[in-house]
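Each remark here refers to the structure printed beneath this line.
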Amino acid sequence: MDYGYIHLIIGPMFSGKSTELIRIVKRYQIAQYKCCVVKYLKDIRYGNSVYTHDNNHVSAISTTLLYDVVDKIMNFDIIGIDEGQFFKDIVSFSENMANMGKIIIIAALDSTFQRKEFNDILKLIPLSEKVTKLNAVCMECYKDAAFSKRITKEKEIELIGGKEKYKSVCRKCYFLE
């Protein structure tokens, strides 16, 4: 049996995770691999596509549980997953698919706006052949930013949004009001 692998791309908001996911998927497409991308169903900002903040995009399959779309993706070699932190079954799905020979590329936030682990996404680190941690630019002081800071009053963990709700910040600016 051929084994696949897991590539986990993590970082804060605006660090280029989706851009990197799309770049890798498009590279595999050029190499004649059959590729698909899965996105989180509740992220309705861009319809049935994954968009980057600079308007690059690919079409995607939308779902809230990855196992719900297994039948749609089994014929693909490469499975890209955007916003991986939102999928409750991300760990078992990724491990099972990689063990079946699929290449799984996941873009995900590594922490919440409270700097706590985001659901089970960090459990993929010991299961991944490759982990890429990206930084953004601090939207306050322009240094490297490793954190996402919510700029609205909502308290729930799952709050989908962009610059209207979040900014990327460095350690120092995270604690500034």
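Cβ from N, Cα, C; glycine included.
Copied over from Swiss-Prot, here are the features:
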BINDING   Gly11, Pro12, Met13, Phe14, Ser15, Gly16, Lys17, Ser18  ATP binding site
ACT_SITE  Glu83  active site, proton acceptor
BINDING   Phe113, Ile157, Glu158, Leu159, Ile160, Gly161  substrate binding site
BINDING   Cys138, Cys141, Cys170, Cys173  Zn(2+) binding site
Protein Cβ atoms within 10 Å of Glu83 (active site, proton acceptor), excluding its own: 21
From Gly11, Ser18, Phe113, Ile157, the binding-site residues whose CA lies within 10 Å of that of the residue listed as 'active site, proton acceptor': Ser18
Remaining residues near the recorded ATP site, that is with C-beta within 8 Å of the centroid of the site residues Gly11, Pro12, Met13, Phe14, Ser15, Gly16, Lys17, Ser18: Leu109, Leu134, Ala136, Ser168
Which listed residue (Met13, Ile157, Cys173) has most other Cβ within 10 Å, given these are binding-site residues: Met13
When distances run from the Cα of Leu159 (substrate binding site) to each of the binding-site residues Ser15, Cys138, Cys170, the nearest one: Ser15
Between Pro12 (ATP binding site) and Glu158 (substrate binding site), the C-alpha gap once rounded to whole angstrom: 14
Cβ within 8 Å of the mean position of the Cβ atoms of Cys138, Cys141, Cys170, Cys173: remaining residues of the chain near Zn(2+): Met139, Glu140, Tyr142, Lys143, Ala145, Val169, Arg171, Lys172, Tyr174
Cα-to-Cα gap, Cys170 (Zn(2+) binding site) vs Lys17 (ATP binding site), nearest whole Å: 17
Pro12 (ATP binding site), number of other Cβ atoms within 10 Å: 27
Secondary structure of Gly11 (ATP binding site) (DSSP, helix/strand/coil): strand
Euclidean distance between Cα atoms of Phe14 (ATP binding site) and Cys141 (Zn(2+) binding site), Å: 15
Lowest local Cβ density among Gly11, Gly16, which the record lists as binding-site residues, within 10 Å: Gly16
Cβ neighbour count within 10 Å of Glu158 (substrate binding site): 11
Distance [Cα-Cα, Å, rounded] between Gly11 (ATP binding site) and Cys138 (Zn(2+) binding site): 13
